[in-house]
Amino acid sequence: MLTKFETKSNRVKGLSFHPRRPWILASLHSGVIQMWDYRMGTLLDRFDEHDGPVRGVHFHATQPLFVSGGDDYKIKVWNYKTHRCLFTLHGHLDYIRTVQFHHEYPWIVSASDDQTIRIWNWQSRTCVAVLTGHNHYVMCASFHPKEDLVVSASLDQTVRVWDIGALRKKTVSPADDILRLTQMNTDLFGGVDAVVKYVLEGHDRGVNWASFHPTLPLIVSGADDRQVKLWRMNDTKAWEVDTLRGHMNNVSCVMFHAKQDIIVSNSEDKSIRIWDATKRTGIQTFRREHDRFWVLAAHPEMNLLAAGHDSGMIVFKLERERPAFCVSGDTVFYVKDRFLRLFEYSTQKEVQVAPIRRPGSVSLNQSPTSLSYSPTENAVLICSDADGGSYELYIVPKDSAGRSDYLQEAKKGAGGSAVFVARNRFAVLEKSSNQVLVKNLKNEIVKKSPLPIATDAIYYAGTGNLLCKAEDRVAIFDLQQRLVLGELQTPAVKYVAWSTDMESVALLSKHAVVIASKKLVHRCTLHETIRVKSGAWDENGVFIYTTLNHMKYCLPNGDSGIIKTLDVPIYITRVVGNNIFCLDRDGKNKLIAVDASEYIFKLALLRKRYDHVMSMIKNSQLCGQAVISYLQQKGFPEVALHFVKDEKTRFNLALESGNIQIAVASAKEIDDKDHWYRLGIEALRQGNVGIVEYAYQRTKNFERLAFLYLITGYLDKVGFMCNAVT
């Protein structure tokens, strides 16, 4: 489990992801509904009009709405933009367990302890159907993602599937067809808008949850008998397929994963379990020490899950989505869909190099975590977390590119991480003994070397050198001489990016980017509030990196800024001028064109290339308060003058840079006593008597003017002033 976000709060009973924004709703046992931004880790809003626990909550797919249901028998529809409850639906006579918007129609389905399921039209604010038949508390009810069906689970030990086709026909019928369809509905359903299609019996105790599969005719259910059951249905019947056993207490929630063949369940036994839906076996179990789990939610678009427990909630992923890749010259090698592929930057051609056979496994996170490449030997090292950390070595014949039938037996071995350190040598980290094994391409050990720090990962740092990463520091280690060439204290490093000339290195941690020299002399550190994902150097020595939702730059002096906002996370592989090459989470290569003017301009200033600066000023559209502020802050007011049209700002910049002529021109335009006074002071400081005189004349400051004439020897002007006064 990869935890992305965690909260501490009262017991969480309901959860819902927003389909497009990085938001999640959590309804609490205390009666409060919280809205969190799980990317930023911030509480956006709280809603607390319910009396007692709120057990159900759900975002609308397209409107700025969410619905909640609680122990006060009330269903409330909220507008989260206006931060208020729009209306309350009354009708249930006991606790409301779950609420859900329909994906297409203006409906809400609710399940209650009053043994009924109700369907409401939230536009007309009326109840349009009451589904009766359960004879105990109804613990959950939900719409089918595509068909006119509702599934419900009850403590009467049954799961029921309801047909609501008649309700849909009645709702969406054109006016001239109402009579015909009403007659048809009466014939088919006896005038009832929802009927029981199947009753699924098999659990020995009360059923707490039931969910439809997003695409297949399957249902999964979890109950107080500690079992998870899988059911299949067709047009005429439904039957039990299998039972998954392993939970040690009541199963509180269960669902199919949207993108993988797995089932996720949680329980009051303080665990979340992952099951293989095809083999019907347990894959993994995640436990908490003191918290019972109550509810699960899956993101409708992304590979994210959330679970609510006694002391808050967690947002998590089951597997990494970052593709393993390695850039070499004009190509990037990466793994996608169990194939090693390469992408040529110059031709933008993608080639399938060779299949990577990955044996069937009963655990998650078997996908490659890193990749290393030796161009002279055409050898590839692929590392994964399988078996506690292992590597596979492939020698790819030159003529195998594009042949999908080519498959070789990889040379394998155990190791925390592995990386090429020379043309035909690679280093493998042996964590248990804190040493590195240097091996040849036959996978034979040729050298062993103890490491200078407690290393948990190794990275390439030039021929014969390793960058060793510990929890709080990194060190560059020369394998030949067994010397530490440099050491630097850093936050826990996740990724390392070297500049093309190997003179600079960027160390990427969860929330920071550290820039250092090749000997790990610290240059600057950038702190980010959200996760840093990837980065690469451009040819000018600017580091371009991505967070979850931004592409940013970092100059050699530590200045940084935003280049672009991202809709989805990407992983930068190479930067060429204004073009950013990257991989997305599906392993697809993308080319993003960006405007590099801002950071190129700042870099030219930093390197004092004023000819380049002035050329950019004349030819580009660089403007805005941010650029002006930057120039002022960095001590370039004379450059800022070229951007400014506002006369007051021009006047201030002209005084700051000592450009008295522009200051005079701006003062004439402004024609304000205070500005003439300030101009006089600056002109006096520069010894420009003519402008001092002009400024005093414009402000009619005769005392200062007389004193100026006196000290400068203009006695005739002093006499003229005296005559004028008398």
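Just so you know, glycine gets a Cβ as well, placed from its N, Cα and C.
So that you can see what the record holds, here are the features copied from TrEMBL:
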REPEAT    47-88  repeat 'WD'
REPEAT    89-130  repeat 'WD'
REPEAT    131-164  repeat 'WD'
REPEAT    200-241  repeat 'WD'
REPEAT    244-285  repeat 'WD'
DOMAIN    340-584  domain 'COPA/B second beta-propeller'
DOMAIN    611-716  domain 'COPA/B TPR'
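Note on the repeat 'WD' (131-164): DSSP counts are 0 helix, 20 strand, 14 coil. Per-residue confidence over the repeat 'WD' (89-130) averages out at a pLDDT of 95. Sorting the repeat 'WD' (200-241) by DSSP state (H, G, I as helix; E, B as strand; all else coil) yields 0 helix, 25 strand, 17 coil.
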